[in-house]
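Visitor: One structure follows; several queries about it will come next.
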Amino acid sequence: MHSRSCLPPLLLLLLVLLGSGVQGCPSGCQCNQPQTVFCTARQGTTVPRDVPPDTVGLYIFENGITTLDVGCFAGLPGLQLLDLSQNQITSLPGGIFQPLVNLSNLDLTANKLHEISNETFRGLRRLERLYLGKNRIRHIQPGAFDALDRLLELKLPDNELRVLPPLHLPRLLLLDLSHNSIPALEAGILDTANVEALRLAGLGLRQLDEGLFGRLLNLHDLDVSDNQLEHMPSVIQGLRGLTRLRLAGNTRIAQIRPEDLAGLTALQELDVSNLSLQALPSDLSSLFPRLRLLAAARNPFNCLCPLSWFGPWVRENHVVLASPEETRCHFPPKNAGRLLLDLDYADFGCPVTTTTATVPTIRSTIREPTLSTSSQAPTWPSLTEPTTQASTVLSTAPPTMRPAPQPQDCPASICLNGGSCRLGARHHWECLCPEGFIGLYCESPVEQGMKPSSIPDTPRPPPLLPLSIEPVSPTSLRVKLQRYLQGNTVQLRSLRLTYRNLSGPDKRLVTLRLPASLAEYTVTQLRPNATYSICVTPLGAGRTPEGEEACGEANTSQAVRSNHAPVTQAREGNLPLLIAPALAAVLLAVLAAAGAAYCVRRARATSTAQDKGQVGPGTGPLELEGVKAPLEPGSKATEGGGEALSGGPECEVPLMGYPGPSLQGVLPAKHYI
């Protein structure tokens, strides 16, 4: 009796344990990591149905999905990351993501979406990152993103937008609208007070409205490259906290005046490449005392004496010049094509100058200079009753350039919410945040119950070393990835590799996703003799934030011409050499055909005349010469040959098969003879 009463509970417990273990991985997917499902390159038009309910990360990119059925995400309340990129999705039903109450990352890049409605992202109260780039979005309803009050990143590049609705996103840190067709942005359209990075490249902007950036007090990274700006926008002067400014590709800008960029003392990276500049302001040191990266390639520089300061300034201030091999002189003719950094002072054609040096005569004792522990240059004490004496020196050497003093004060209002600014060990400012706030600029409040991993720590880790890139062939570059295999304490999900051609007209960014286990990767299908910028970003597992982006530049080698050159090369340089033999062969073939036809007709006439003299068909002169031999294996000919060759086009058949040595390789291709 006792054993019978215990049997049903034991069976019930066994069934429960087996039921929990049967919960497997969806077909065509991988579940190697806990609470993570990878369905990469799975061929299916719908979302897999049998996803475990405790899944935190679901990756179903490049699956061929065309539609999202209502209820396809039901039963996944703990899902935090959903990757639906590189599919064929054309529309999103209203409320399709509403069951995903804990979703924080949604990637819909590279689909075929046309519209975003007010109901598309309903219920996603915890969403922090939304990627909608490389779609066909033409219309976004006003208020489509208003409910996403926790959104930190919104990416809409490479779409077909013509009008942008007002955006009210108080916590947004990154907004990417690049490569749409939005020729104008009205003032007040961006209600994003905390945005740090704003990318407006390739919109077709002709000007920037004066009030466009009025509320963006936290803006540090501005990209307005590849637009149609005709002059430096004056609205940029008010962005005192700007550290990175990209103006490349605005080919109508022909001049930069010092007052155009006045007040940007915090600027560290400036990109003015591919403009129409013939010179640069000589007081860049005072304008940008913290500048460490300058891109000025593909400008028609006039390398005369007013530009002689550039090379010494770059070297003395340790400024990194991006793409120095493309920063060349266009004028005057003697310097055309030369690298700007390779020119000496005398190469700029500066006249022999008479320099008046002021030599102070000191009556009092000169004390030793006071050395400061800061990065500022040593200062000399004031001198007592100095008198000056002028001495004239004839010199052709460049004027001595004093290094720019390092500023000791931080930009105004750079730290938010009461944070204090200070200079770090490398003379880069950093913010000390008060209790209750966090972030690089103290921009994010620490909320109760919020995980610290969702907000970047302060200060940020030091940037990675530059990438190691080496050329493999004229169309490929090899990127070394060993750094992500050795000594990495963060569990990596994958690597994101992006590259773009800096030399050609198409500068669109190409994005690849690589496994984290690769030691190196070869980027193929590149253009020869071109400069490429390649960046790699490690992607952490789960909710771990992205690592620092490591970038580098490399050149593909020159294409080598050989005896086995492809057809595309022969079209450019060797086209006449190929046409001349072909024309000669055609001419010889025509002459040979005409001569043979003439002989056949004359022989036929002779044979007709001899028929009256009882001469048999087998003893004709054409048969003795062997002209009729090719007719036997060819088309059906009569024994006499006279009927088959009389009149009509049949007489041309033996000419096509005539075994002439000079025309053997040409005649088969000439079917029109």
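Using the three backbone atoms N, Cα and C, a Cβ is placed for every residue, glycine included.
Taken from Swiss-Prot, the feature disulfide bond covers C410-C421, C415-C431, C433-C442, and the record attributes it to sequence analysis. Sequence annotations record features per position, and here Swiss-Prot assigns domain 'LRRNT' to 25-53. Feature annotation from Swiss-Prot assigns domain 'LRRCT' to 299-352. Per Swiss-Prot, the feature domain 'EGF-like' maps to 406-443; the stated evidence is sequence analysis. Annotation source Swiss-Prot lists domain 'Fibronectin type-III' at 463-559. Feature annotation from Swiss-Prot assigns repeat 'LRR 4' to 126-147. As annotated by Swiss-Prot, transmembrane segment applies to 577-597, with the evidence given as sequence analysis.
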Visitor: Quick check on the disulfide-bonded residues C415, C421, C433, C442: which one has the highest count of other Cβ atoms within 10 Å of its Cβ?
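Guide: In terms of Cβ crowding, the pick is C415.
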Visitor: Taking all residues of the domain 'Fibronectin type-III' (463-559) together, what is their mean pLDDT?
Guide: 79
Visitor: Same-chain Cβ contacts of the domain 'LRRNT' (25-53) under 8 Å, 6 or more residues past its ends?
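Guide: Hits for the domain 'LRRNT' (25-53): 59-69, 72-73, 75-78, 541-542.
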Visitor: Could you measure between C431 (disulfide bond) and C421 (disulfide bond) for me? Cα positions, answer in whole angstrom.
Guide: 5
Visitor: Once the DSSP letters are reduced so that anything not helix or strand counts as coil, what is C431 (disulfide bond)?
Guide: strand
Visitor: In the repeat 'LRR 4' (126-147), how many residues does DSSP put in helix, strand and coil?
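Guide: Summed by class, the stretch gives 0 helix, 5 strand, 17 coil.
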Visitor: Tell me the Cβ neighbour count for C431 (disulfide bond), meaning other Cβ atoms within 10 Å of its Cβ, over all protein chains shown.
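Guide: Looking across every protein chain shown, the total is 22.
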Visitor: Please list the DSSP helix, strand and coil residue counts for the domain 'Fibronectin type-III' (463-559).
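Guide: Split into helix, strand and coil, the domain 'Fibronectin type-III' (463-559) gives 3 helix, 46 strand, 48 coil.
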Visitor: Using DSSP, break the domain 'LRRNT' (25-53) down into helix, strand and coil residues and give each count.
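Guide: Grouping H, G, I as helix and E, B as strand yields 0 helix, 4 strand, 25 coil.
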Visitor: Once the DSSP letters are reduced so that anything not helix or strand counts as coil, what is C442 (disulfide bond)?
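Guide: Going by the DSSP assignment, C442 (disulfide bond) belongs to neither helix nor strand, so it counts as coil.
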Visitor: If you measure C421 (disulfide bond) to C415 (disulfide bond) at Cα, how many Å is it?
Guide: 6
Visitor: Just to verify a number: CA distance, C415 (disulfide bond) to C433 (disulfide bond), in angstrom, no decimals.
Guide: 8
Visitor: Under the DSSP assignment, what numbers of helix, strand and coil residues are found in the domain 'LRRCT' (299-352)?
Guide: 23 helix, 10 strand, 21 coil
